[in-house]
Amino acid sequence: MKQEIKSSVTRIVLIALCVIFVGVMLIVPLASVLVYSLREGWEVFSSTISDKYTIAALKLTLYAAVIAVAFNTIFGLFSSWAITKFRFKGKNFLTTLIDIPFAISPVIAGLIFILIFGRIGWAYDFFNNHSIKVVFAVPGIVLATIFVTFPFISRELIPLMHSQGSEEEEAAALMGAKGLTIYRRITLPHIKWGLLYGIILCTARALGEFGAVSVVSGKIRGKTNTLPLHVEQLFQEFHLTASFAAASILVLIAIIILILKNIVEYKGKKEENFRVR
Amino acid sequence: MDTILKNLKNFTAKRKVGVIPGFGLSIGITITLISFIVVIPLLSVLVAISGFTWKEFWDCITDKMVLHAYQVSFVCSFIAALINCVFGLILAWVLTRYKFPGRRLLDGLIELPFALPTAVAGIALTTIYADQGWIGSLFKPLGVKISYTLIGITIALIFIGIPFVVRSVQPVLEKLDSQYEEAAEMLGASRLRTFFKVIFPEILPALLTGFGLAFSRGLGEYGSVVFIAGNIPYKTQIAPLIIMGKLEQFSYAGATAIALVMIVFAFILLFAINFIQGRMNKAAKNS
């Protein structure tokens, strides 16, 4: 009896601790963005988010994210196939290489592209001769975004496909199915929720990337400013309300992403073809 | 006979691997893309650094201001990762062991720091914890400043690191066989003792992985920290901010030297995490 009371007290205390922690650490910052953005009324809010620089920044952010996600999806599909369906030497090394962008600072991710394409970079002359601007321009932003989101999809697919084994694919291949047919009919249905999950996480990071993009962007308003950079600029110029208003667009996207992520996770678990976390 | 069987098995195993098509294409694309996106850009750091003499390099990375920034990054990330271990463990425990209204919502919110752009988190945290902010104003009468101090940096790093610990520990707790706990309890161990003697050793590797991931993210984190740090030299300057500062002054060589040191740190952490995870996978296979 005593033990039971004690355990229910622990239970309540622990749950309360969690609710307080999540409330203070996660919900308060989220709510603060929305509250601060509406502090000076609806007018200021709507004029900021319909501002041409905000719109341009949003467009560039979406553009970079779409390319990065498409690129990394292709990479994720091929690399997970190569790594989980075949045996070869150096596989562990290859997997570690994929993880590198997660491990290093986004600022360094930006720096490495400056070291290649910047004025001091070894590829500068070549691109300059063809009058292609990479850094402090849109291509650099796209490249930096691809780099920081590089592992997301393959990291989701590799453990998933590993745990599923490859008997079904082998059987299909022995019966004479072509590679694409095997992929479309067998592999893809098994991994679709994991793939979607990876795409969602990748999109979130691509939309929100700040450090790497901030190094290579040059921050020209209306041209090379992404939405997170625009938020920063407004904040540094003490346009606090405007900054929070622009940030509220990103908060909205984040909430949608979070909801989508949970739906995908739920569906995937239901169909039991999802990485057991 | 045995060896013949083994050989036969080996042979079929090898053949089996061979039946699935697409090795050449997929490995080709994989290696090409990794080379262009990861390997060549990273090697550029070495190319850029080769113009340095050893002494220049050494002076640059042991500059007093730089050393102080490493220290700030290291200490704040370490403390934040430790705090995350405590709360991450409690969160993972509550989410797997208890059923209560709002549990799913709580679970779904854990990844908020991954979904929310770091710059947005940065400006929000800075404003809340400033002297006039929602939380900062509560601490001001006590004489505690949070924004633009080390406490602020640590809070931002706790924010960014919490999902790593929860999501590392949670699956292990979910899969944990309850029979050992029950046995321990039947034998008369207290709940606390059961936790520390039976459960904790099982989740320790996952906890370490979470710690490593949160710590490594903290060392490199920029967006959520840059605003709340305030970039005061010898006080709240973190290593990524020094790189940024050098870049703004077009001191590429200096930035690269400091970046190289951080990359080495990051690699050491990455290998440590992979090592622990490898052992975890092995242990999972054996059990």
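Heads up, residue numbers simply count up from 1 along the chain you see.
Keep in mind that glycine also has a Cβ here, set from the backbone N, Cα and C atoms.
Over in TrEMBL, the protein carries these features:
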DOMAIN    B:70-271  domain 'ABC transmembrane type-1'
TRANSMEM  B:20-49  transmembrane segment
TRANSMEM  B:69-96  transmembrane segment
TRANSMEM  B:108-130  transmembrane segment
TRANSMEM  B:146-166  transmembrane segment
TRANSMEM  B:195-215  transmembrane segment
TRANSMEM  B:250-276  transmembrane segment
Is the number of Cβ-Cβ pairs under 8 Å between the transmembrane segment (B:195-215) and the transmembrane segment (B:69-96) three or more, considering only pairs separated by 6 or more positions?
yes
Which listed stretch (B:69-96, B:108-130, B:146-166, B:250-276) has the most C-beta pairs under 8 A with the transmembrane segment (B:20-49)?
B:250-276
Which bits of the chain, at least 6 residues beyond where the transmembrane segment (B:250-276) starts or stops, bring a Cβ under 8 A of a Cβ in it?
42, 45-46, 48-49, 51-52, 56-57, 60-61, 66, 70, 205, 208-209, 212-213, 215-216, 219-220, 239-240, 242-243
Hey, which bits of the same chain come close to the transmembrane segment (B:108-130), Cβ under 8 Å, at least six residues off its ends?
91, 95, 136, 146-147, 152, 155-156, 159-163, 166-167, 221-228
